[in-house]
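Per Swiss-Prot, the features are:
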| type | residues | note |
| --- | --- | --- |
| SIGNAL | 1-25 | signal peptide |
| REPEAT | 216-237 | repeat 'LRR 7' |
| REPEAT | 240-261 | repeat 'LRR 8' |
| DISULFID | Cys447-Cys499 | disulfide bond |
Amino acid sequence: MARLSTGKAACQVVLGLLITSLTESSILTSECPQLCVCEIRPWFTPQSTYREATTVDCNDLRLTRIPGNLSSDTQVLLLQSNNIAKTVDELQQLFNLTELDFSQNNFTNIKEVGLANLTQLTTLHLEENQISEMTDYCLQDLSNLQELYINHNQISTISANAFSGLKNLLRLHLNSNKLKVIDSRWFDSTPNLEILMIGENPVIGILDMNFRPLSNLRSLVLAGMYLTDVPGNALVGLDSLESLSFYDNKLIKVPQLALQKVPNLKFLDLNKNPIHKIQEGDFKNMLRLKELGINNMGELVSVDRYALDNLPELTKLEATNNPKLSYIHRLAFRSVPALESLMLNNNALNAVYQKTVESLPNLREISIHSNPLRCDCVIHWINSNKTNIRFMEPLSMFCAMPPEYRGQQVKEVLIQDSSEQCLPMISHDTFPNHLNMDIGTTLFLDCRAMAEPEPEIYWVTPIGNKITVETLSDKYKLSSEGTLEIANIQIEDSGRYTCVAQNVQGADTRVATIKVNGTLLDGAQVLKIYVKQTESHSILVSWKVNSNVMTSNLKWSSATMKIDNPHITYTARVPVDVHEYNLTHLQPSTDYEVCLTVSNIHQQTQKSCVNVTTKTAAFALDISDHETSTALAAVMGSMFAVISLASIAIYIAKRFKRKNYHHSLKKYMQKTSSIPLNELYPPLINLWEADSDKDKDGSADTKPTQVDTSRSYYMW
């Protein structure tokens with residue numbers, strides 16, 4: 001009896017297998033479209049649960065329409081890399097369809113995909129099509145959709161209710177489209193969204209509260225969006241966010257205010273941004289942060305004091321491949337007890353302080369290879385390392401300085417050199433050698449230096465003033481880190497600024513040459529005159545007397561203008577407290593030389609000249625026809641004749657009068673001008689008689705009179 005029962009059970013198993021085989025055979029043969037592959041394949045749900053699904057694979061067949069003989073049991077339909085641009089009703093009988101892949105086809109509109117009644121669909125791939133917009137309710141029938149991949153399209157417009165009905169959506173890929181704005185209303189219909197990739201869109205900027213409806217979001221990718229700033233409240237509402245990427249943007253500083261609004265962030269990617277320095281407070285009180293990436297930053301030069309502060313769960317920091325990163329403050333880390341891995345390779349670091357490493361009690365591995373290391377007292381701790389810290393790729397750690405050790409392995413050199421003090425060395429990439437600034441801007445020059453003992457840093461201005469942390473000035477301010485701030489830059493602020501790093505062993509210096517609007521004033525030149533504005537009939541000049549001249553002893557300044565055509569020379573005395581002068585009633589398109597001489601009570605003089613050409617005059621007269629021109633010429637000719645006769649009469653009368661009082665003016669006259677005297681500005685100048693008279697009266701005593709400075713522009 002037992003044998004009979006066992007045999008019966010075996011028959012049932014065989015029969016079941018036969019039925020299953022026949023069913024699968026029908027799917028794989030009679031109902032499988034030509035050239036497609038139909039089979040049972042492993043399939044993972046959006047929650048990564050393993051299942052097996054009936055799959056029809058029609059990828060890469062250059063199809064222009066969906067095959068018509070699809071089985072209603074199809075669960076996964078793969079139509080990637082075809083030429084399909086529109087469907088009719090081929091999908092309507094696929095009631096069990098859970099995944100549909102239309103990527104790399106020719107759809108331009110979502111409605112043409114034919115998604116109605118696909119209530120079981122959980123995953124939809126529409127990437128790499130030609131879709132340009134998403135209209136309201138275009139996906140409303142996909143109530144069970146959990147994954148939507150619509151990246152790498154041409155989408156420039158998404159209506160406010162485009163995602164209506166997608167309350168179960170978990171993953172949304174909108175990256176690599178043409179979106180210029182991010183509308184928070186999109187996300188009102190997707191409260192359960194966990195992953196959002198919206199990078200590589202040319203958005204104008206991120207707004208405050210942009211992602212507020214996404215309280216369940218765990219991962220946000222904002223890569224490649226040309227972002228220059230992140231508003232302080234842009235990430236408000238993302239209380240569940242664990243991973244955030246700002247990879248490959250244009251951020252020039254860490255968006256610290258925005259990051260403080262993401263309390264549960266664990267992974268932060270700031271790689272490939274032009275951030276200049278990591279400053280105090282940039283990463284502070286981020287209590288859940290575990291990994292931080294600041295790699296491939298072309299402009300990063302320093303990690304300053306307390307840049308990473310109170311990060312109790314941070315275990316890994318990557319700061320690699322930063323070609324200008326040359327300085328890490330000895331107190332860069334504070335209250336970072338869990339850090340195990342510190343990657344600092346392929347930078348421009350000369351050293352890492354022992355105190356920096358000692359501030360990380362749980363450090364297990366450090367990578368500082370492929371840096372231009374200085375093999376002196378600053379890195380002696382490497383040779384005397386008594387901890388369990390492991391150096392990554394130690395054979396790639398070579399000395400770059402001092403010159404006698406260049407190219408040798410670090411450990412071999414440190415055995416020979418055991419000095420405890422060494423000279424300061426200014427990090428060469430912290431500030432540029434040359435800069436050109438615009439008038440009115442503010443300049444920051446970051447000077448950083450490493451030495452034992454720690455050096456003092458101060459700056460010297462182009463005129464020799466020493467700027468320290470204690471200096472009180474509206475123009476200059478020096479931070480304890482060594483950053484010089486120059487406010488409201490003017491042309492007279494141009495010149496050579498010298499950073500000095502000094503300790504008991506000596507000093508190191510480095511110079512930054514600053515131009516303002518393309519102008520560079522020589523710091524050794526006490527006086528400098530320059531042109532501020534040029535018009536067709538006027539020139540506005542200004543000058544600067546550097547403060548290392550005893551300006552309190554300067555009694556007079558004189559300006560001499562030489563006019564090439566017509567040739568007129570005059571001088572005018574200007575009080576020292578006037579630094580700007582307007583020379584008017586000049587000739588258009590004419591070359592002039594303006595010279596300024598400054599003298600003190602000891603008769604010491606400084607002279608500065610500038611060449612300038614007035615602009616071409618703008619003529620408003622426009623004669624439209626020949627007859628009008630002829631008539632006008634006749635009238636003007638008549639007027640010219642009358643004026644000429646009158647001028648001759650006046651001239652004869654004046655010559656007659658001149659004979660009567662010639663000697664009373666002789667001491668003021670040297671040369672005759674072809675420009676009317678009453679049109680020259682300033683009005684009080686020294687004149688010379690014509691050459692014929694000058695020969696007769698060459699011995700006359702000439703004394704320039706003081707200029708009426710009430711008509712000059714007083715700026716200081």
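Heads up, the Cβ atoms here are built off N, Cα and C, so glycines get one too.
In terms of local Cβ density within 10 Å, Cys447 ranks first among the disulfide-bonded residues Cys447, Cys499.
Assigned with DSSP, the residues of the repeat 'LRR 7' (216-237) fall into helix, strand and coil as follows: 0 helix, 3 strand, 19 coil. In the three-state DSSP reading, Cys447 (disulfide bond) counts as coil.
Counting residue by residue with DSSP, the repeat 'LRR 8' (240-261) contains 4 helix, 3 strand, 15 coil. For the recorded site, Cys499 (disulfide bond), the DSSP three-state label reads strand.
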